[in-house]
Amino acid sequence: MKHVKFLLQLLVASLLLSLQPARADGVEDLLVAINRDDRGGVRRLLERGVDPNALDAKGRNGLSFALLNDSLAAAEVLLADPKVDVNRLNAAGESPLMIAALRGNLDWCKRLVARGAKVNHDGWSALHYAASGPNAAIVDWLIGLGANVEGRSPNGTTPLMMAARYGPEDAVDRLLAARAEIRATNEQDLNAVDFARLGGRESLMRRLARLLPAQ
């Protein structure tokens, strides 16, 4: 009888524990589940009350981390949570849209914007990240949504500069077609031609240099 009573007490204690809000460190568990792309684990943690927008000790938040990590099953669960903030920045100032753009995932970019993700952002923007990524179609799409082609990072870098160093040449061409200013310089007095040179892209550097007005 005592044994049965003890088991009942354990059962009640377990049920009460499961009904309690998630611990403050539940975000760490959430990031582990996201890293594993564990759809069920992410869902259970959210149901327990883990904040999908909280930052972990490294300054990462769930949705941005899921997209960066290509944990798309986990990202599906997070996006479906009505509490998720699609404009939540991580400690590096990156939004989920910026990460999706960097990863070249146009489908997820569209889904985030449909949920209210902001296209323009002070400082580093989704267009900067798209220009650095592998998919020039995202650059085109963001420009079509009104992305600022002359947006400046905190040190004055433009999307065209980023494309010249890191992105596909198609991204450079689409930014130029949208009248991105090739003469613009950042705080280090570097322009898009300099960025192409720093990226070791000699052919692109020469092509861009020919577009500069004669001194």
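Cβ atoms are placed via backbone N, Cα and C, with glycine included.
As written in TrEMBL, here are the features:
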- 92-120: repeat 'ANK' (REPEAT)
- 122-154: repeat 'ANK' (REPEAT)
- 155-187: repeat 'ANK' (REPEAT)
- 1-24: signal peptide (SIGNAL)
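Per-residue pLDDT, averaged over the repeat 'ANK' (92-120), rounds to 98. Mapped onto DSSP helix, strand and coil, the repeat 'ANK' (92-120) counts 17 helix, 0 strand, 12 coil.
For the repeat 'ANK' (122-154), the number of residues in each DSSP class (helix H, G, I; strand E, B; coil) is 16 helix, 0 strand, 17 coil.
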